[in-house]
């Protein structure tokens with residue numbers, strides 16, 4: 001998602017400034033198709049490197065806006081390819097209001113179809129206005145309308161658009177036309193349904209091959225598969241998600257009960273951080289319950305029936321608590337010291353407001369979609385804030401590791417400091433691995449999967465999160481004379497020698 005957002009935002013803004021040679025454009029297009037159409041990479045790192053190179057080359061590889069109504073499609077069409085990297089919100093029944101929008105292409109939905117699926121598009125109150133500076137502008141309504149594009153045809157469309165002199169995607173035989181404005185009734189309204197015979201992941205788009213024409217309309221979209229005689233509004237690749245999320249929610253609630261039992265048994269050593277960790281488990285479990293209910297209602301009715309609101313509320317508290325707990329554990333608060341230093345308080349003052357902004361951006365992204373002009377801006381905000389939070393949580397852990405090293409040289413407790421140091425080094429590596437896996441590896445893994453198996457990426461995400469929680473809660477549980485806080489005095493001399501070696505072996 002993150003790389004696609006950055007590239008999409010740059011593609012239009014720089015299209016007018018670049019004027020590459022034909023050879024350069026062909027080379028870039030080949031690399032673009034290699035990235036977008038199921039790339040045969042061997043590792044997530046190679047995928048990341050390739051995306052970084054594309055970002056660097058973007059300014060030089062876009063075809064500029066040409067004069068004429070149809071050539072201006074190219075930059076927008078290239079941007080559309082990157083949307084295949086962006087996981088859009090669920091394709092439930094949606095009502096969208098478009099106001100004075102002159103974009104040649106507007107992406108409405110992406111949906112994984114099985115055989116026998118349906119796409120229904122209804123347009124009401126459609127209006128169009130020629131560019132103010134144009135005189136005697138003839139709007140061709142046959143080149144304005146909605147169409148479906150299967151993911152397997154994206155590369156063919158790119159090739160077709162590159163070689164056509166005057167190109168309009170509505171006239172391509174690689175797309176499935178849903179409705180055109182030339183068929184609108186007297187009240188400027190129309191509803192059409194399309195049956196899907198070839199299973200694939202389809203994108204629903206509105207196209208206008210009349211440059212500069214502003215369109216206003218109310219649109220209702222309904223995309224679903226058939227499960228026997230009933231409608232299934234979940235994409236083919238997300239059908240297992242309701243059961244999967246409910247299963248994980250039960251696991252987390254059992255985890256919470258086990259954590260409560262441990263805290264009660266060891267109440268003498270329970271600190272405030274353990275209470276915060278219990279709250280984190282509670283909100284994580286509640287978020288997954290709401291996610292399961294949300295998806296179940298969308299599957300059956302096409303609408304979440306308010307469960308999306310509860311999902312965002314519990315997701316907000318879970319997100320804030322997760323980063324707060326990581327920061328507090330990283331500072332050693334309650335474990336190593338009963339207070340926070342000023343620099344550690346500053347980290348919390350950064351992370352908590354950033355999490356508020358990130359959750360606001362998540363709500364906007366999930367509830368609006370790419371039809372809104374500022375949708376990409378909110379994606380950029382989400383990306384930026386997430387990067388800031390991920391980087392901020394590392395500093396307290398690094399400070400704790402360095403302070404433990406310094407303390408081992410002066411307090412004469414080398415063995416105990418060695419155990420603490422080993423624990424915090426493990427914690428640092430696990431946090432890095434968790435954030436890297438969930439932010440980079442899982443999205444890359446999901447991109448490599450066939451659309452029918454997108455649920456596997458969500459399962460990998462939740463599995464990694466659960467493994468991370470188990471590690472953190474096991475190692476920082478309230479146990480008296482915990483092994484990582486108690487070491488016999490006879491090991492002091494050996495530990496001192498190990499610490500000297502560790503100082504050079506683990507540089508941050």
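Think of each number as a place in line: the chain as shown, counted from 1.
Yeah, the Cβs are placed from backbone N, Cα and C, and that goes for glycine too.
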If you check TrEMBL, which stretch out of 309-335, 336-362 is marked transmembrane segment?
309-335
Stretch carrying transmembrane segment according to TrEMBL (options 223-243, 244-264, 265-285):
244-264
In TrEMBL, which of 200-220, 452-472 is labelled transmembrane segment?
452-472
In TrEMBL, which of 407-426, 427-446 is tagged transmembrane segment?
427-446
Per DSSP, what is the residue tally for the domain 'CAND6/7 N-terminal' (94-225) in helix, strand and coil?
22 helix, 70 strand, 40 coil
Determine which residues of the chain contact the transmembrane segment (309-335) at the Cβ level, with the cut-off under 8 Å and only residues 6 or more beyond its ends counted.
271-274, 276-277, 279-280, 283-284, 286-287, 290-291, 293-294, 341, 344, 347-348, 351-352, 355-356, 358-359, 362-363, 366, 389, 392-397, 399-400, 403, 424, 427-428, 431, 472, 476, 485
Report, as numbers and ranges, which residues of the same chain sit near the transmembrane segment (452-472): CB under 8 Å and 6 or more residues beyond its ends.
112, 235-241, 244-245, 248, 251-252, 255, 277, 281, 284, 288, 325, 329, 427, 430, 434, 437-438, 442-443, 445-446
